Amino acid sequence: MAAVSLTSPYFTNLTSQFHFASTRGDFRVRKNCVLGSGYLVKRNISGGRRLGYLGNGIKCFDGDGGDKEEGKLNSSEKTDRELGASADLKKEEQPPASVSYREPIFRSFQMDSIKLMELLGPEKVDPADVKLIKEKLFGYSTFWVTKEDQFGELGEGILFLGNLRGKREDVFSKLQRQLVEVTGNKYNLFMVEEPDSDELDPRGGPHVSFGLLRKEVSEPGPTSLWQYVIAILLFVVTIGSCVELGIASQLKSLPPDVVRYFTDPNATEPPDMELLVPFVESALPLAYGVLGIQVFHEFGHFLVAFSKKVKLGIPFLIPNISLGSFGAITQFKSILPDKKTMVDIAVAGPLAGSALSFSMFLVGLLLSSNPNAAGDLVQVPSLLFQGSLLLGLISRSFLGSTVMHAATVAVHPLLIAGWCGLTTSAFNMLPVGCLDGGRAMQGTFGKSALTGFGLTTYALLGLGVLGGPLSLPWGLYILICQRTPEKSCLDDVSEVGTWRKVAISVAFFLVVLTLVPLWDELAEELGIGLVTTF
C-alpha cells in the first residue's frame, strides 16, 4: 500500500487515494477514502462498492454518502491481503491530500449561523398561537385566510393573505377586540395593503392583509438614560447656537474699544469687559425668539399626541448657527392607531411653529417701518430677502422697493426670528424620511408617494433649488438622521379624508414657495437687494 502524507493539521475532510493489486486477478483496484469528522468513506473505482467498518469504530458509507452498513472487515485478514498485494504493486504518482469544506463543515456552519440569527433576532410568533388565531378570529364573517407569509423587517411575524368578508373598518375593529380576548396583551395585529396586488377590493380600496407581530417586537422601546443625557446636551448646545445667532445680528453694534482691540495689531490693552454686557443683552431677544419658536413647535406635537393618547419621546434639538436650530428629532413611543393620527401629530408641530413665526415676522415688518423703533433695528444684508420667494415678496410689499434696493436693510430682530422660524418649519415639512413632512406625506398619500417625492426632494436639495446655501447641510442632516420612513400604523389602509389631503397639498405648496430663492432677474425687477451682473 502506498504511503500518503497529510499536509493539513486540521481535523476536517481529508481525501486520499490508495492503489491495491488484486491477489485474485491481474486488475488493479483503486480506492478513494475520505476522512471527514471521524468517518471514513471508501469507493472502488474499477470494481464494485464495498461497505463496512474499517478498524475500530470507524464507520463506512457508500459513494453517495448513504449510511448503508453491510458488515465489518476483519482487521487481520485486511492486513494479510494488503501485504500480499504489495509485491505486485506498481508505483504510480499519487496526488497530494486535499481538504474539502463542502459537506459536514459547511452544513454545520450554516446551521450554526441560522441558530445564531434566531437567538439574536426578534422573537417570532408562536405557531400554536397562529393556529389559534386562525381558528378563533378569521372566518367567513371577517377575513377568509388563503395563504400565510412572513411579515416584519426580519420575517419575525406572520402575514395572513385572503379575502375580506365585510366592511374594512368594522372587520378590523372586531379582529382587534377578539385578539385581546384570545391571546391577551401579547400581539399586535396590523391591517396593511396586500403586497404585490394592483387590483382593488370589490368593496372599494386596495386588497388588505393582516400582519401579526409580538408587542415587544413591534412597539418602540422606552427612552433610555443615555438618550435623556444626549437630549439635554443638545438642548444646551442649541441655546448656544441661538445666542450666537443673536450676537451675529448685533455685530455692528460692538463697542469701538472692543473692535479696535481685535482689529488693531498695535492695541495691547484689553478693553473693559463690562462694555460687552449691553451688547450681549441686545442679542438675547433674537435668541429667545428663535428658541421659543422651536419650543412652541414641539409643544404642538405633544398637545395633539396627548389628545390622541400617543406617547412621544424626548425631543433631540439640532443646533445650527445659521437658523439657530434645524428643528428636533421626536420619536413615537407607541404604535399609531391609524394614518389620521400620524398626519395630525406630524402637522401639529410645523403648524404651531409657523403660526408663531409668521406672527413674529409680521410684527417685525411693522416695527421695521416704524420710525419710533429705529433704535432697536439691526442691519442685515439684503441678500437675506432673496433667499425666499414668498417671504421676500411679503417683505417687499411692507418695506417698499426703496428700502429693499440697498446693500443692507434695517429690520427689527423679531423679523429675523420669524424668518428663521418659518424657514425651519418649511425644511421640516419637506416630504422625505421621517420628517414632519415625510410623516404627513406617508399618512396622506402612502409610502409609494413618499418614495417618489423623497427622491425628488433629494434631487432639488442637491441642486440647491430648495433652501439655497442651506440645502447641502440640510440634505446631509436628513441622510444621517431622518432618512428612514415611519413604521406602519395598526390600520395602515384607511384613508385620511379629502380635507386633510387638500390641507397637506396646500402646505407642501407653501413649503416650496418658502424655500425657493428669488432668481436674479426677478430680484432685480422687484428691487430686492443689489444684484451684481458681470
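We count from 1, first residue shown onward.
Positions of Cβ are set from backbone N, Cα and C atoms, glycine also.
Here the structure is a predicted model, which means the values were calculated and not measured.
Annotated in TrEMBL:
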- 68-94: compositional bias 'Basic and acidic residues' (COMPBIAS)
- 287-446: domain 'Peptidase M50' (DOMAIN)
- 68-97: region 'Disordered' (REGION)
- 225-247: transmembrane segment (TRANSMEM)
- 343-367: transmembrane segment (TRANSMEM)
- 373-394: transmembrane segment (TRANSMEM)
- 406-427: transmembrane segment (TRANSMEM)
- 458-481: transmembrane segment (TRANSMEM)
- 502-519: transmembrane segment (TRANSMEM)
Beyond the flanks of the transmembrane segment (225-247) by at least 6 residues, Cβ under 8 Å | 279-280, 282-288, 290-291, 294, 313-325, 413, 420
Name the range, of those listed as 343-367, 458-481, 502-519, that has the largest tally of Cβ pairs under 8 Å with the transmembrane segment (373-394).
-> 502-519
Chain residues outside the transmembrane segment (458-481) and at least six past its termini with a C-beta under 8 angstroms from it | 318, 320, 322-323, 326, 329, 387, 423, 427, 430, 432-433, 435, 512, 515-517
Express the predicted model's confidence over the domain 'Peptidase M50' (287-446) as a mean pLDDT, rounded to an integer.
-> 92
